Each structure stands twice: as structure tokens, then as C-alpha cells.
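> Right, I'll just put the structure down here and ask away after.
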Amino acid sequence: MAKKDYYEILGVSRNATQEEIRQAYKKLIKKWHPDRNYENKKLAEEKFKEIQEAYEVLSDPEKRAMYDKFGYVGDVPPNAGGGFRGFGGFEDIFKDFGDFINNDIFNIFFGDQRTSSRKRTKTPRKGEDINISVDVSFEELFTGVKIPLEYDRYEVCEHCHGEGVEPGSGWVTCPKCHGTGTVREERRTFLGVIVNQYTCNQCGGTGKIPGESCRVCGGTGRIRKRHRIEVNIPAGVENGTILRIQGGGHAGYYGGGYGDLYVHVRVVGYTSFERKGNNLIKDLKIDYVDAILGTKVKIKMPDGKIKEVKIPSGVQHGQEIYVYGEGIPDMRTGRRGDLILRINVGIPTKVSRTEKKLLKEIAKLRGKDVRED
């Protein structure tokens, strides 16, 4: 039986940092989550468990060190402890000795790993988080918007109130550990009796198991339902902002708390404005005469309002005109940024004879040498 390469499963090198391992895990766990792979749920569940197993080992420095050194964590690998086949008694002796060296002495110094390699199936666990993307328009950044959301999630089973136990059946003593929460194993070797003790994997160390699993949820304490909420997108939200809705995720297992809902905001739609922080920037083209004499322009803001702005005489090409307090509200304080108009002075490529004559007169008044046609 080939051993699993946890590094290969997560797609990282053997020298990967904890942050690289964590990022790889987050990416893969989203990709292979069973709730996102309805068409091939069986494969997704297998991949999901495999990824969880790999991360459980590589994210723990002690377990990772053991894995790097021995190639496994927990129970003795299938091919360990063999030798001297065909010599009857000697085979058993050396098998015991191999088991002792590979398992019992290892556990004496490093602790029994079997508990951590198996998830406790009956203890409360928080539910998974849910990620959803929503689109908002540039105009909605000014006022904020409430968006109705509808999605599937696991909720607490109303029949058993999330306990996973059929009402009236109660809890009974675990038959494997007899209520102690731990299992004791004794093995006789030529060195004597070796004792192993580990957390019971049937009751998860609680010493109790359901008398009868809930007939509605199958013992998980949760069932799948359609959930509807209204999410408040605050004014001033930026593209790529992630809003956390506490308790909006899946219900936990066996009475565990709800996970969270993460709303990923995308700002969509065309606009002639550019956003920089909470400031709005707009390129404004004006005639050269207006640049010289000054003028007033009307700007249609993203929220539909019309703002009249005075352009001073003598404004230069590329100059920025600030209109204070007309930008986007800050998402936290509500204070608005500024509107910034970048002036683009338009020079005509052709003028009428009358205009040309007047311009020459102006040029002479300014002491310029004017070429006569």
C-alpha cells in the first residue's frame, strides 16, 4: 500500500513555509468542498478528506517533523515490523520487537498519534463558512444598498435541536471504552507487556454515544435548507471588499455554532469617474476661451445629482480643480472625499476667418509678431 505524499496533495514543496501551506489548503478546500461539487460529490468528499488529512499533519510542526522523518504519523505502516519469514517463532519475536520499536517506544517519547488522526465524530464542531459574491453599481457607492441574498446552507435540525440524538433515546455508555473515554490495549512481547492508551474513536473521548441517531438528520444535528437574508452594503465600499456576516454560514455539527458568511463585493458598470481612495477624479475638457476667461460647468455626479463648478480664469492644461466634500463617503466614518477635476484645454485645429482676425489683433496687443497671410 503506497503511502500518501501530503506535500503533493497540497501542491507545495517539502520546504514550504507554514503560510504557503495554509494558503494552499485554503485554495484547495474551497475548490473541493462537497457543497460546491454537486455533480461529482463522491470524488469531492474523498479529495476533501485527503486535503484535511494532509493539512492536519503539515500544519502541525511536530507532526510534520515526524512525517518528514518517518514517512507517516500515527499507526505503524502496513509493512513495518517484518523479518525472518519461515522461521516460525523468530518471526513472531522480531515482529513484536519491530512493533515495539516502531510504535510503542515511539509513542512513549512522542505520544500516541492515533487520536489526532481521527476526527472526534460526536463532539460539537463549528459549521463551515460560506462565500458569496455580490455586484454593486458605482452609483450605489454613494448611498449604500441593501441586497437580498438567497442560498443553501445547513441549519440546526429542529427534530433533535442539533444534538443528533433521536428525542427520548438519550445517551448511553460507549461500549468500546465503557464510559472512560479512553481505550487501553495490552500486547505481550518478549520484552514484557506493552500498554497503549488512546482516546476512544467511537465516542470521541466523551464516554457517551447516542442511544439512537436522529431519524431526520441522521445524527449530524443539521439539515440542508434554503436561507434568505438581506445584506447591508455600506456607502463607500471598495471593489474587492469582503464583508463578514457572523453566523451566516452552515450550522455546526452536534450542537456546534454556526459558521460565518463572507460577502465578496464587486463594483461593476461603466463610469467616467476614477476612484482614488474616497476621492473622485474626472477629466474635464474645456475650450481654450473658457480657460482664459473662466466659466461654470455642470457635472453629473454618479448618484445622479448635478453639481455646478466654477472654473477660474487662467486655468492651465493639466491643472486639478478640487471640489471639497463631493467625493465618496468613507465606509467607516461617513466623511466624504473630494471631487477632483483634471483640466484638459482643447485647442481647435481650425478657426473661422473672423476668429482668426480677432486672435491676430489680440496677439498684436500682447506684443507678438504676427505673420500676415
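Note: Cβ is positioned from N, Cα and C throughout, glycine not excepted.
If you look up Swiss-Prot, you'll see CYS174, CYS177, CYS200, CYS203 marked as Zn(2+) 2 binding site, on the strength of sequence analysis. The annotation domain 'J' is assigned in Swiss-Prot to 5-71. Annotated repeat 'CXXCXGXG motif' per Swiss-Prot: 157-164, 174-181, 200-207, 214-221, in sequence order. Swiss-Prot lists 144-226 with the feature zinc finger.
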> Compute the mean position of the Cβ atoms of CYS174, CYS177, CYS200, CYS203, which form the recorded Zn(2+) 2 site, and then list in sequence order the other residues of that chain whose Cβ is within 8 Å of it.
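Neighbours within 8 Å of the Cβ centroid, excluding CYS174, CYS177, CYS200, CYS203: PRO175, LYS176, HIS178, GLY179, THR180, GLY181, THR182, VAL183, ASN201, GLN202, GLY204, GLY205, THR206, GLY207, LYS208, ILE209.
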> Taking the Cβ of CYS174 (Zn(2+) 2 binding site) as the centre, how many other Cβ atoms fall within a 10 Å radius?
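Within a 10 Å radius of the Cβ of CYS174 (Zn(2+) 2 binding site) lie 21 other Cβ atoms.
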> Determine which recorded stretch among 157-164, 174-181, 214-221 has the most C-beta pairs below 8 angstroms with the repeat 'CXXCXGXG motif' (200-207).
174-181
> Counting only residues 6+ away from its ends, which parts of the chain sit with a Cβ under 8 Å from the repeat 'CXXCXGXG motif' (157-164)?
122, 210, 213-217, 219-223, 251-255
> Under a criterion of Cβ-Cβ distance under 8 Å and sequence separation of at least 6, what residues of the same chain contact CYS200 (Zn(2+) 2 binding site)?
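Non-local contacts for CYS200 (Zn(2+) 2 binding site): CYS174, LYS176, CYS177, THR180, GLY181, THR182, VAL183, GLY207.
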> Taking every protein chain shown into account, which of the binding-site residues CYS177, CYS203 has the largest tally of Cβ atoms within 10 Å of its Cβ?
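When each Cβ's neighbours within 10 Å are tallied, CYS203 leads.
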> Using DSSP, how many residues in the domain 'J' (5-71) fall into helix, strand and coil?
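So the counts come to 50 helix, 0 strand, 17 coil.
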